Amino acid sequence: EEQKRLLKHRPDQPQNPKVLRIAIIGAPNAGKSTLSNQLLGRKVFPVSKKVHTTRCKARGVITQEDTQLIILDTPGLTNPLKAKRHNLERAMLTDPWDSMKHADLVLVLVDVSDHWTRNALSKEVLSCLSRFPHIPSVLVLNKVDILKKKFLLLEIVTDLTEGTVNGKKLEVKSAFKNDSSCSAKSPLQTTRASPPESRTPKSPCQQEMDQAREGSGLDNSSDVRGAKSSPVTEKAQGPKHYGPKELKDMKGWPHFQEIFMVAALHGEEVDTLKQYLLMQAKPGPWEFHSDVLTSQSPQEICDNIIREKVLEYLPLEVPYGVTQVTEMWEEGECGELLIVQNLLVPRKSHMRMLIGRGGAIISRIAQEAGQDLMNAFLCDVRLKLRVEVKD
C-alpha cells in the first residue's frame with residue numbers, strides 16, 4: 001500500500017531538480033540487472049546465469065540530493081527466433097526499443113569474460129544504437145575481474161569502439177597483443193581518471209594497465225582513461241547514420257563518449273560509474289518521489305525473485321514454461337509478510353524436477369527466495385511454494 005501511495009504521489013521536487021534517464025542495453029546475461037541492483041544498493045531486479053531472466057521493463061530510481069537517476073532495466077536484446085525458443089513474451093522484442101526512446105543516456109554492457117562475444121557488439125545492440133544515434137552512449141565492460149589476461153582489454157576496447165572514443169582515434173600496436181605479462185590478480189580500475197584534486201594512489205592493476213597503455217602506443221590524446229569529456233567536432237555534427245550494409249561490416253560503435261570497466265557482481269568501480277551518471281544529469285522535473293526505489297509493485301518483485309531461483313535450479317528450457325500464481329499475500333500479526341505461490345508446470349516430469357528428491361529443490365528455492373525478499377522488503381517473509389501440473 002505504501003508503494004502504491006508513493007508511486008501515485010507527486011514527486012517531492014527540490015528547488016532546482018536534475019534528472020537523467022539511463023537505458024542499460026546489451027546481450028542477454030551480460031549483467032544488466034546485476035549492475036542495476038548495485039547502482040540502486042538493493043536487489044530489486046532478478047539475476048540469473050540463464051538468459052532472459054528480466055522479462056519486463058522495470059525502472060529503478062536513485063535519488064541523491066537534487067538529482068534523480070532513472071534506470072531503465074531492459075530485457076536482453078534478442079530476436080524473434082530466440083524469443084520463440086525461450087517462450088518469451090512479445091513485449092520483450094519491443095521493450096528495449098521503447099526504453100531507448102525515453103533515455104537521455106545509454107549504457108552498453110559487454111561481458112568481457114565471454115570470449116565468444118566480447119570482441120563484437122551483437123547485431124541487435126548495433127541496430128539499437130544506429131536507430132538512436134543522437135542519444136549519448138557509454139561503453140561498460142563488465143566482469144573484468146574474471147579476465148586473467150588484462151592486456152586483452154585494449155584489444156577488446158579497440159574492437160568495440162572501432163578504434164574511436166569521444167571522437168579521438170585509438171592507436172594500438174600489434175606487438176603488444178603478444179605480451180601476456182599483464183595478467184593482474186586484482187580487479188581492473190575504471191577507465192575514467194579521477195579529477196586531479198581527488199586522485200588516489202593507483203592500484204597494482206591500474207599501474208599494469210598504465211604500462212599496457214604505454215606498451216600499446218595508445219596516444220595520450222586518445223587515452224581510454226581520459227578525464228572529463230571535451231567538446232569535439234563529432235558532437236557538433238552528430239553521429240553519422242549507418243545503413244544496414246554498413247552495420248553488417250561493423251564490430252563496434254565509434255561514437256561512445258566514455259568507457260568504464262567494472263565488476264558489477266562485486267560492486268567494483270560501480271560507485272565511480274554512479275558518480276559519472278550523477279554528473280551527467282540535466283535540469284528537469286523528477287518523475288518519482290524521493291522514497292521510491294523501483295516502479296515495480298511488491299508482487300512483481302516477488303514474482304521476479306522466485307522465478308530467478310526457478311531458472312537457477314531447473315535445467316535447459318524447462319523453467320521458461322513455469323507459470324506463477326500468487327494464492328496468498330497477507331501481513332501477519334507481527335508485521336511479517338505471508339506469501340503462498342503456486343508454480344504451474346506443463347508436465348509431471350517437470351514437477352518432479354522442480355520438487356526434487358524429498359522436496360529438496362523446492363525447499364531450497366523457497367529458502368533462498370525468502371531471504372532475498374526479506375532483503376528487498378526489509379521485513380520478515382514467510383514464503384510457501386506449491387508445485388502443480390497445469391490443467
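Note that the numbers count up from 1, one per residue, in the order the chain is shown.
Note that Cβ sites are derived from N, Cα and C of the backbone, with glycine treated the same way.
TrEMBL: automatically predicted annotations, no manual curation.
Quick look at what TrEMBL annotates:
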type: COMPBIAS; residues: 180-193; note: compositional bias 'Polar residues'
type: DOMAIN; residues: 18-284; note: domain 'Era-type G'
type: REGION; residues: 26-33; note: region 'G1'
type: REGION; residues: 52-56; note: region 'G2'
type: REGION; residues: 73-76; note: region 'G3'
type: REGION; residues: 142-145; note: region 'G4'
type: REGION; residues: 180-247; note: region 'Disordered'
**Asked** With DSSP, how much of the region 'G1' (26-33) is helix, how much strand and how much coil, in residues?
**Response** 2 helix, 1 strand, 5 coil
**Message:** Can you break down the region 'G4' (142-145) into helix, strand and coil residue counts using DSSP?
**Reply:** 0 helix, 1 strand, 3 coil
**Asked** Quick one: mean pLDDT on the region 'G1' (26-33)?
**Response** 83
